[in-house]
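S.K.: I'd like to ask you about the structure that follows.
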Amino acid sequence: MNQTIEKIRIHSKKLVAQILLLIIIIIFSVMQPQTFLTSDNLLAIVRQVATTGIVALGVSFLMLTGNLDFSVGKIYAFSGVSCALMYQAGIPIVLCMILSVLFSVLLCMLTGIISMKFNIPMLIVSIAMMQVIDGLNLVLTDGATIYGLPEWIKIFGQGYVMGVPIAAIIFIVCAVIVAFLLNRTYMGRYFFAVGGSNAAARLSGIHVNKVKLIASALCGLLTGIAGIIMMSRSFSGSPYSGANLSNDVISAAVLGGVSIMGGTGKTSGVVTGVLIIGVLSTGLVMVGLSSNFQNMIKGAVLILAVIMDVRSKVVKVRIPVDEEGQGDD
């Protein structure tokens, strides 16, 4: 019965997000009838939301387990910065990309390890890590953007296949993989179980801390990939990339039905939430609002999304787990 109620709740949140997306599209189409619904603008929106969407998918793993990481924007920048710097040092670009993504994984895991080791809320640790990584980015680059990348690397951020941005294709592939992981594997069930109740998950034999650490690793993996795509799009490594990324990805996830309290969410909802943020951002630019007003509006959207999430009744769901699972060490 509880599972049925929870499914209805998830679908209703998803429906609200889809209706909101449609309303925003209609509003900006009326305000900018000559330009908003053009194929060029729609493709630009899709390409724009690709990196935000990939990071949002990563953050959704953490949110499902009841955690938040505000340092993803700085890790996103670090991925591009570290890749560009290593390439300048003479390391092959493919190896640079792999190492940069690995560094992103390690940074996200470090946040999770500190949080669990010292029993500090991940939100607090991530805010501290955000400052640390931001400082690291500026120290490594002296506050300057790093150029001199190989020409072919533009393909990931600027290339197209049959008229579709390659960045968008990567986003779609990531979304499909994440959906499969969450819906068709035991690990996906563990994420939901841990987010629903740590105590109940432990009693079910789940390694709660290990599940949370895996969620951090997956968040870092996707954030690192997105950072490489952004580096490819801008053809540079900038310490200032992802300035408002954390707010955007959390807003997108919450708008799409991922609960900040954990245990609830769907990949399709995250995709819808990302499209809402992307369409809203593009529309605000097209109607001529300054970046200050845009930040105010997107901040208000985040507040409303969180209020809606908190006010919705949380239903704890009993998740079946593998009988061979073991508790935390």
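Using N, Cα and C of the backbone, Cβ positions are placed for all residues, glycine too.
Just lifted these from TrEMBL, have a look:
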type: TRANSMEM; residues: 15-32; note: transmembrane segment
type: TRANSMEM; residues: 44-65; note: transmembrane segment
type: TRANSMEM; residues: 85-108; note: transmembrane segment
type: TRANSMEM; residues: 120-140; note: transmembrane segment
type: TRANSMEM; residues: 160-182; note: transmembrane segment
type: TRANSMEM; residues: 211-231; note: transmembrane segment
type: TRANSMEM; residues: 269-289; note: transmembrane segment
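Could you give the neighbours, burial and distances for every feature on this list?
M.R.: Listed as Cβ neighbours of the transmembrane segment (15-32) (distance under 8 Å, sequence separation of 6 or more from its ends, same chain) are residues 255-257, 269, 272-273, 275-276, 279-280, 282-283, 286-287.
Under 8 Å from some Cβ of the transmembrane segment (44-65) lie the Cβ atoms of residues 72, 76, 122, 164-165, 167-168, 170-171, 174-175, 178, 182, 191-192, 194-195, 211-212, 214-216, 218-223, 225-227, 229-230, 233, 245, 248-250, 252-254, 258-260, 262-265, 267, 270-271, 273-275, 277-279, 281-282, all in the same chain and six or more residues away from its ends.
Remote same-chain partners of the transmembrane segment (120-140), defined as residues 6 or more beyond its termini with a Cβ less than 8 Å from a stretch Cβ, comprise 62, 67-71, 73-75, 77-78, 81-82, 85, 107, 110-112, 114, 239, 246.
With a threshold of 8 Å between CB atoms, the same-chain residues lying at least 6 positions outside the transmembrane segment (160-182) that come near it are 43, 46-47, 49-51, 53-54, 57, 60-61, 64, 188, 191-192, 222, 225, 229, 232-233, 266-268, 270-271.
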S.K.: Under 8 Å between C-beta atoms and at least six residues away from its ends: which parts of the chain pack against the transmembrane segment (211-231)?
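M.R.: Contacts with the transmembrane segment (211-231): 50-52, 54-55, 57-59, 61-62, 64-65, 67, 69, 72, 75-80, 83-84, 97, 100-109, 111-113, 116, 149, 153, 156-157, 167, 170, 174, 187, 190-191, 194, 201, 237, 241-242.
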